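Residues annotated as active site, proton acceptor in TrEMBL: His182. Under the heading NAD(+) binding site, TrEMBL lists Asp37, Asn100, Val124, Gly125, Asn126. The feature substrate binding site is assigned by TrEMBL to Arg87, Arg93, Asn126, Arg157. Residues annotated as domain 'Lactate/malate dehydrogenase N-terminal' in TrEMBL: 2-147. Marked as domain 'Lactate/malate dehydrogenase C-terminal' by TrEMBL: 151-325.
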Amino acid sequence: IVLVTGAAGQIAYSLLYSIGNGSVFGNDQPIILVLLDITPMMGVLDGVLMELQDCALPLLKDVIATDKEEVAFKDLDVAVLVGSMPRREGMERKDLLKANVKIFKSQGAALEQYAKKSVKVIVVGNPANTNCLTASKSAPSIPKENFSCLTRLDHNRAKSQIALKLGVTADDVKNVIIWGNHSSTQYPDVNHAKVKLQGKEVGVYEAVKDDSWLKGDFIMTVQQRGAAVIKARKLSSAMSAAKAIADHIRNIWFGTPEGEFVSMGVISDGNSYGIPDDLLYSFPVVIKNKTWKFVEGLPINDFSREKMDLTAKELAEEKETAFEFLSSA
């Protein structure tokens with residue numbers, strides 16, 4: 001049983017087909033899909049429901065569309081929390097946090113009350129890291145490790161920028177890292193990344209031979225990519241976000257390939273990179289048997305250290321603001 005929230009929205013529209021056609025959970029895994037959105041969106045959601053029926057997908061055993069949390073969160077195996085309060089023009093980040101604390105506190109409580117304790121929760125709605133932490137805190141009996149937030153889109157963006165620069169396919173680039181917050185302070189790090197050139201694996205710094213680009217424009221491009229897409233399309237990135245969500249969940253379900261790691265926002269407890277505990281921070285992880293582990297022992301240079309601490313500081317501030325609202329909400 002898989003729940004997608006914000007199910008009448010853009011990202012869900014690109015995501016639901018992948019979930020239903022077997023490319024996320026495998027070709028032999030039947031699925032019950034639950035779609036949750038707010039009451040005013042129920043008309044639109046009916047249209048999405050009709051389309052899913054019309055896809056005639058053999059693995060889709062049932063589709064349930066609802067605006068009620070007690071229906072949506074019942075007995076879940078996976079919850080993909082896409083719906084959130086979007087940032088409107090002239091809105092302070094603080095107001096945005098406040099509105100979202102309310103949503104994710106409520107959804108966390110619903111997970112606690114109705115979902116399986118083994119549920120995997122993936123938070124996409126922004127500010128994703130802090131929303132994820134809020135949901136986790138509101139569901140104390142579900143293991144913290146079961147909560148993750150999406151930084152795979154940033155990870156894929158970094159991968160593709162390197163591939164474009166070198167004229168290879170994205171598949172030839174591996175082990176890029178996104179550290180920290182899914183915001184413009186995130187740090188895309190390619191110090192440990194490898195690229196396949198003429199059948200040989202080379203370090204990205206060695207392959208690109210342009211350190212100032214890697215430390216400057218490359219990082220900026222990845223950090224600002226979401227805004228660039230909005231500027232061009234007048235809509236936020238939905239196709240690429242949905243693809244990243246599918247990648248993220250597929251890796252949780254089936255694990256990461258040998259010798260490869262991916263980025264996801266997870267609880268920072270017990271990390272060896274000097275990031276304070278109890279933050280929801282994006283790290284390089286490997287996944288096996290549906291359980292992630294930190295990639296340990298990567299050497300961190302001063303340039304990286306500064307960037308990693310900066311984004312940790314932003315997350316600590318967001319957390320503080322969110323928790324003030326949480327206790328009063």
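Just so it is clear, glycine is given a Cβ too, placed from its N, Cα and C backbone atoms.
TrEMBL does not curate its annotations; it predicts them automatically.
A count of other CB atoms within 10 A of each Cβ picks out His182 as the most crowded of the recorded positions Arg87, Arg93, Arg157, His182. Taking Cα separation as the measure, Arg87 (substrate binding site) is nearest to Asn126 of the binding-site residues Asp37, Val124, Gly125, Asn126. Each of the binding-site residues Asn100, Asn126 was scored by how many other Cβ atoms lie within 10 Å of its Cβ, and the smallest score goes to Asn126. It is 26 Å from the Cα atom of Asn100 (NAD(+) binding site) to that of Arg157 (substrate binding site).
If you take the Cα of Asp37 (NAD(+) binding site) and the Cα of His182 (active site, proton acceptor), they are about 23 angstrom apart, rounded to a whole number.
Its Cβ placed at the centre, Val124 (NAD(+) binding site) has 28 other Cβ atoms within 10 Å. Neighbours of His182 (active site, proton acceptor) among the binding-site residues Arg93, Asn126, Arg157, defined as a Cα within 10 Å of its Cα, are Asn126. For the domain 'Lactate/malate dehydrogenase N-terminal' (2-147), the number of residues in each DSSP class (helix H, G, I; strand E, B; coil) is 66 helix, 26 strand, 54 coil. Non-local contacts of Gly125 (NAD(+) binding site) by the CB criterion (under 8 A, 6+ apart in sequence, same chain) comprise Thr5, Gly6, Leu81, Val82, Gly83, Ser84, Met85, Asn100, Ile103, Phe104, Asn131.
Using a 10 Å radius centred on the Cβ of Asp37 (NAD(+) binding site) and all shown protein chains, the other Cβ atoms total 23.
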